[in-house]
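Below is one structure, written out as structure tokens; the observations come after it.
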Amino acid sequence: MSKNATNTGGKCPVMHGGATEVSISNMEWWPKALNLDILHQHDSKTNPMGPDFNYREMVKKLDVAALKKDMHALMTESQDWWLADWGHYGGLMIRLSWHAAGTYRIADGRGGAGTGNQRFAPINSWPDNVNLDKARRLLWPIKKKYGNKLSWADLIAYAGTIAYESMGLKTFGFAFGREDIWHPEKDTYWGSEKEWLAPSGSEGSRYSGERDLENPLAAVMMGLIYVNPEGVDGNPDPLKTAHDIRVTFERMAMNDEETVALTAGGHTVGKCHGNGDADQLGAEPEGAEIEDQGFGWLNKTKRGIGRDTVSSGIEGAWTTNPTQWDNGYFQLLLNYEWELKKSPAGAWQWEPINIKEEHRPVDVEDASIRLTPIMTDADMAMKMDPEYRKISDRFHQDQDYFSEVFARAWFKLTHRDMGPKVRYIGPDVPQEEQIWQDPVPAGSTDYDIQAVKDKIAASDLSVSEMVSTAWDSARTFRGSDKRGGANGARIRLAPQKDWKGNEPARLSKVLAVLEGIAAGSKASVADVIVLAGNVGIEQAAKAAGFDLTVPFSSGRGDATDEMTDLDSFDVLEPIHDGYRNWLKQDYAVSAEELMLDRTQLMGLTAHEMTVLIGGMRVIGTNQGGTKHGVLTEHEGTLSNDFFVNLTDMNYTWKPTGNNLYEIRDRKTDKVKWTATRVDLVFGSNSILRAYAEVYAQDDNKEKFVQDFVSAWTKVMNADRFDLI
């Protein structure tokens, strides 16, 4: 209850404020605290489906033919409450899908269409997503009908694909299998700006230097998907906009040809909406009144639908026939000269000079009215930028080629964050594998696992070498876009074999041994690398008095150079690894924050992170063999010594440099150990210390080993989608 609520004669029976209102959070009181909440998202407490619900199994029961029929019908069934432009919702549905998928960025794999996050803040209320709430409501009868067999994430992505089909494009295919989340992600960094559409140079700007966009961002402004359609900071200049386009599309793994295809293909159909006063629009969905029921941007002053809709503020269609897949975009863009104009809403747009009457698109509600087509500053970049122009000319001259390139690029856009093809479900999954899917051939399970382990144990490899190599192979996994991991053994290929973080000299030595063992059996190198890590852990556990077998699932395959897109793997290169106590260089972000981000991408919880780091320290897996954080007299033994000594009050901690500390005996002041911020945070952060104390207890030595093995196995199997 609010303290400003009307007094109705009695006191509110609910304790004021704290539980239901947004009060000052711990992170606001203590901004330097670690936000461990990012490790504890999307659990059973927020998911209404129950622990036994498996969407990937449920969607296999979906009647795709019936769904497709219903989706095609929806496209042309205009609703009075939100009219379809020209009687077809295709343009709206394409924008819906595009703006869901278009949040993906390759730097950290976050964003994209894979979770249905467009339903939640902040994305559902971004200025670039004005009126997409209406598109989702139009889809609700479909979602309601197919229920648990169809996620919102799949439906939103599918809507654009069906829209293109209904307007004449031969699509490349579609895969189901995206699982919904039930609250906004807490781990995705969208920028530091304090206002929507803040221009460059404003407080918290994402730009520095000569228009260098901050990593990992892939949009030019807070609240946009890609670029500002009016120009850089709203100032039209197609060549400057071309620079922004190239950067943003590269950051979502698109080359120049794919960029032109997606820009042109996205604007071949549909229109922009700006026929009115944007100031008359109500609040966005998250800020709207309760009676608006999740609708935002309502125009309660004017009609606000059909020809009077205001979305981006730009007004008009790009082509003569906006409900047909054709070559009209390039025909108008390249055959006419264009001049700057202002839309009725006051937005900059380009309009053709002396356009022929037959090239004018008709009004969305009255076909007897002809209107002027438009281009955005981004469209003009396709004509003015020399490289984009070459591609545009080719597409203009060869409609079939344009259609093929676009269909493939659209498939890539809407599936980029789904991971390898093994995760694809449905009758329309293309047979052809794409290199951006990071293909891995099937591996063998027909070999004697124990015999391979015996050969590994008999080699001269140390526990540290075996565990470190297996870890390095697996740590590249990102749950965000399902890339990386141990499957494929790409650690033996360029570029990974040469990454500084993989210690090329040590890696080469270890791989020479493990590849020889693999060659002498039917096992893949990928399996042997993981098995070697398991052997090392078993030896370290035995040294601590625990005889155990680390779980193992065979069947990993070995990728080849031909299956590996070198450039796309650069973003997976580790530039830090708290688990091996290593930083490639000093960064503005603290070492413990970097560790937290990597942990979230790997899909680990806070206690799994805790037990893994404590175990890897005492095993001796530090990068370069450093002794920082190795808080034990028995290196190579899987003991709980790290936590015992970390929580021991007989020691004090003193800084000796940037990210370096000495642990000194309180009585003698003699240096006992050295450590980094990543080590110390498990004693300083109250939550992590609580976990550290659990593992330091005298009665939890076995629990520590068991939990370490469980977390280790989770990392090794993170990319084994064939086991799910």
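Backbone N, Cα and C define each Cβ position, glycine as well.
Following the DSSP three-state reduction, the secondary structure of Arg95 (site 'Transition state stabilizer') is helix. Around the Cβ of Arg95 (site 'Transition state stabilizer'), the same chain contributes Leu132, Ala135, Gly160, Gly266, Gly270, each under 8 angstroms and 6 or more positions distant in sequence. Marked as site 'Transition state stabilizer' by Swiss-Prot on the basis of sequence analysis: Arg95.
Annotation source Swiss-Prot lists active site, proton acceptor at His99, citing sequence analysis.
Under DSSP, His267 (heme b binding site) is assigned to a helix (H, G or I) in the three-state scheme. Around His267 (heme b binding site), the C-beta neighbours below 8 angstroms that are at least 6 residues distant in the chain are Trp318, Thr319, Tyr329, Thr376, Asp379. Under the heading heme b binding site, Swiss-Prot lists His267.
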Distant-in-sequence Cβ neighbours of His99 (active site, proton acceptor), under 8 Å, six or more positions away: Gln118, Asp128, Asn129, Leu132, Ile225
